[in-house]
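K.L.:
Mind looking over this structure? Questions follow.
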Amino acid sequence: MASSWKLILFLSVAGYLSEYSGALPNFPTSYAALLRIKKSSSSSLFGSKTRPRYSNPSLGTLSVSSPSWRGAAQHYYSPINLYHSSDAFKQDESVDYGPLFVQEPDDIIFPADSDEKKVALNCEARGNPVPNYRWLRNGTEIDLDSDYRYSLIDGTFIINNPSEAKDSGHYQCLATNMFGSILSREAILQFAYLGNFSGRTRSAVSVREGQGVVLMCSPPPHSPEIIYSWVFNEFPSFVAEDSRRFISQETGNLYISKVQTSDVGSYICLVKNTATNARVLSPPTPLTLRNDGVMGEYEPKIEVHFPFTVTAAKGTTVKMECFALGNPVPTITWMKVNGYIPSKSRLRKSQAVLEIPNVQLDDAGLYECRAENSRGKNSFRGQLQVYTYPHWVEKLNDTQLDSGSPLRWECKATGKPRPTYRWLKNGVSLLPQNRIEMVNGVLMIHNVNQSDAGMYQCLAENKYGAIYASAELRILASAPTFALNQMKKTIIITKGQEVIIECKPQGSPKPTISWKKGDKAVRENKRIAILPDGSLRILNASKSDEGKYVCQGENVFGSAEIIASVSVKEPTRIELTPKRTELTVGESIVLNCKAIHDASLDVTFYWTLKGQPIDFEKEGGHFESIRAQASSADLMIRNILLMHAGRYGCRVQTTADSVSDEAELLVRVPEIITGDMESAMAVDLNPWVEYEFRVVATNPIGTGDPSTPSRMIRTNEAVPKTAPTNVSGRSGRRHELVIAWEPVSEEFQNGEGFGYIVAFRPNGTRGWKEKMVTSSDASKFIYRDESVPPLTPFEVKVGVYNNKGDGPFSQIVVICSAEGEPSAAPTDVKATSVSVSEILVAWKHIKESLGRPQGFEIGYRKDMEQEDAAETVKTRGNESSVILTGLEGNTLYHFTVRAYNGAGYGPPSSEVSATTKKSPPRQAPSNLRWEQQGSQLSLGWEPVRPLANESEVMGYKVFYRQEGHSNSQVIETQKPQAVIPLPDAGVYIIEVRAYSEGGDGTASSQIRVPSYSGGKITSAQSTLHTLSPSSSSVTLLLALMIPSTSW
């Protein structure tokens, strides 16, 4: 009987295209059936989930991306390599660089009974030199020679005849070249299988009519998850789910809330493996009715419910089950406590399943399902928690540092729960050491050296996933060298000019720079300074500055030097004649331009008309440049036309300087009109320009007064003939190409609808990209393209057009795309209180190859103020500190620093704080007492007692000066007394102030003390304080006080 049943079963399967499995009547309960489904098949009856993704068929591996595999943890994001350098750089075979992953291993589910007997874990990395590969399983390196089943083809690790006991686990690929190693994400190798149900006969379940029942599936061992369905009596009669019957995909059990006579029969649980599509049937479970009566009505009892805590990944679909037994059949309803169920939600299986697709963080909360019938109600509540995988918000950049410099890398990721961070160096966990600190995703290495070079990875992880960021650290170590074009140069300038002699040696660590003129070190003063970049600047140059200058760059690896010769000449002067001339159309003129210059300098002359260079080849023979002498040039203008009127410029250029001057030429209509004519034609006027005209009468006796001007009249439009000049680049944000030009003046626009055509293309490519700029006043165009790396050279030209057509383009110039705003925040920001109103803010800034700062902005605010109320102070250049003044005393301030340039602002630093000093004591020293003995004065006073909100007294300052003098001398003392020298005869004015860390306090009242050469006098004779300083009065008083003194 058994064998014949098997034959019928196989025929049944064949008849259903290997799609379904089932049980036939009278199936022996000691048997189970296993069915294999073809890869290409699908079944709506079985509710199949996303199909697994198969890898290369020749290797026979099965890679599964089903969201249900490994529960919620199946959504691993591949590691992201966040290199600042462009792909073009990484693909340049002439550039060496560390490994960079192209492909990383994926999770694999391998069917245990697969006909294919190989598993392949893929790994590929770029690098120069080409990387080699090693593999780790569960954190331990795999010895490829230890097992004949292992092989490595390029980076792909192949396992022949894989075994669950030996080979399941977590795998990682390690790619290595001379610059270091990087570790891939973890890939999990698991084995898919589906066991058989126990062949033990299942006992019949007997219930009363109207009673609820649960039929247990008790699935066999399996991996990964399975899908449940139930067969009623015979295949293919599947149990249809409705408000009375429910199959839980969590437990696999069949729930019937209220049994009817039609439910009596045999029930078989069918399970399907989601990875392999294998299916097995359980032994049948008979359901019978008891004959001792019908079950009465009773309130709902919830038998199936979702967990107290449901966790789901953002973006996935959440399914929550709730089903109750009861008589009458209960109705299921859902609600979200303190909120609304998302509108995108769907109710399935007669409301027994709440399904929320694409779940988001705001979908989280407390959910309640309620089962209710006429006998009562019951409910269950559970919490939905939505988590997110780590996601990068701040990336790592490849970095090159001088030996001894500090490194600061920060990686920042979002995620729920909040990610934690680990750092790897060359694939091995990095541990804190004396120089190495790791805090909240920030890696700091002080005083880097060659041992710190390598490949670093930041790993951000929470309990649901992990992501990797990689970057290469190179440590530069070399003796100073100079570029060939810096090695020896001669600089010629004129008196009074500024000269800057560049000195930019390349070396690591950064070379220290020293300057010599001849054999003597250069001394800095108001005119001569060594700039922060090492260059030497000389202001207001004179003959004394001539000579040979030597710049030396030195570091621990060696030194190098360059020599520059500076020659100072007399400044060039220019004389242009005549300055203003009025001509008639058809006449000719010669403009003479004379240069008075140093005889050792060569001179070049340039001529312009209305600011535009004169093109002697295209002006129809009207213009000729005549160079009769070395120091002068003539401009011959023949047969002059109206259009030749305007301002003529002569520019004299020498190797040391450039000077220019202008002359004005007025052109009038020729006097060829006879006295009996009443009209004339003016020719060769500029298009689309307004003109006015006057008429002058003349005869042999002389010329009369001109008429009143005519009304303004505009000439007709024409195609523009003048191209924009001074086409150049400007600073902008990263990925921007900023093109600027000098607008064409209105008199050369030749018509309405005037605008510009901006054409550009990457250097060395074909085909121009053109953009129209419709404003005639425009002087700039910004092109933005995220794919354009910083400092990419472009060929650029700017043309003109109007309603009549397109005009000429400017000459082609090469402009680089913007390097962008600074990308790094200043580090080591410190704020130190200096006084009651001053705080010193200092910082450091990591040198960047792009986004170089032009200065820094310091933001500061009081403790209780909002951030948007912060005030700012800007510095320029490479300053690394600033003293903020005008602050309130005894007040807590918060500070941030950020770099800026023409493209914008970089990120702010971490906030630091400092409190200004307390104000100095307001109480003045009082009760001053003194005693004079010869040329010394002993002074004492009452100590100053500061208030609670005032600074403690650190000491006292005694200010004294001779009457009639403005400069005081100061004596400091920590005690309320001092000895003051009074060496010269005369009256001294003295006052005392307490001083504290908040500054100087209030001054005491002044006292006036005479200095004399003998005897003793004390402040007891206080009348001295108010006496007139006349010599007769003072002499009389001294005689009375000191009778023994010899005069």
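Glycine too: its Cβ is placed from the backbone N, Cα and C atoms.
Annotations for this protein, taken from TrEMBL, read as follows:
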COMPBIAS  910-932  compositional bias 'Polar residues'
DOMAIN    99-190  domain 'Ig-like'
DOMAIN    207-282  domain 'Ig-like'
DOMAIN    300-385  domain 'Ig-like'
DOMAIN    390-474  domain 'Ig-like'
DOMAIN    480-567  domain 'Ig-like'
DOMAIN    571-660  domain 'Ig-like'
DOMAIN    619-718  domain 'Fibronectin type-III'
DOMAIN    723-820  domain 'Fibronectin type-III'
DOMAIN    825-919  domain 'Fibronectin type-III'
DOMAIN    924-1014  domain 'Fibronectin type-III'
REGION    906-932  region 'Disordered'
SIGNAL    1-23  signal peptide
K.L.:
For the domain 'Fibronectin type-III' (825-919) against the domain 'Ig-like' (390-474), do we get 3 or more Cβ-Cβ pairs below 8 Å once near-sequence pairs (under 6 apart) are dropped?
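P.N.:
Touching, yes - the domain 'Fibronectin type-III' (825-919) and the domain 'Ig-like' (390-474) meet the threshold of 3 or more Cβ pairs under 8 Å.
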K.L.:
For the domain 'Fibronectin type-III' (619-718), jot down how many residues DSSP puts in helix, in strand and in coil.
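P.N.:
The domain 'Fibronectin type-III' (619-718) comes out at 3 helix, 40 strand, 57 coil.
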K.L.:
Taking all residues of the domain 'Ig-like' (300-385) together, what is their mean pLDDT?
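P.N.:
Computed over the domain 'Ig-like' (300-385), the mean pLDDT is 94 on the 0 to 100 scale.
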K.L.:
For a three-state summary based on DSSP, what are the helix, strand and coil counts in the domain 'Ig-like' (99-190)?
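P.N.:
Once the DSSP states are binned, the domain 'Ig-like' (99-190) shows 7 helix, 52 strand, 33 coil.
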K.L.:
Just give the helix, strand and coil counts over the domain 'Ig-like' (480-567), going by DSSP.
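P.N.:
Secondary-structure breakdown of the domain 'Ig-like' (480-567): 6 helix, 48 strand, 34 coil.
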K.L.:
By DSSP assignment, list the helix, strand and coil residue numbers for the domain 'Fibronectin type-III' (825-919), in that order.
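P.N.:
Its residues fall into 3 helix, 48 strand, 44 coil.
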K.L.:
By DSSP, how many residues in the domain 'Ig-like' (207-282) are helix, how many strand, and how many coil?
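P.N.:
DSSP classes over the domain 'Ig-like' (207-282) add up to 3 helix, 34 strand, 39 coil.
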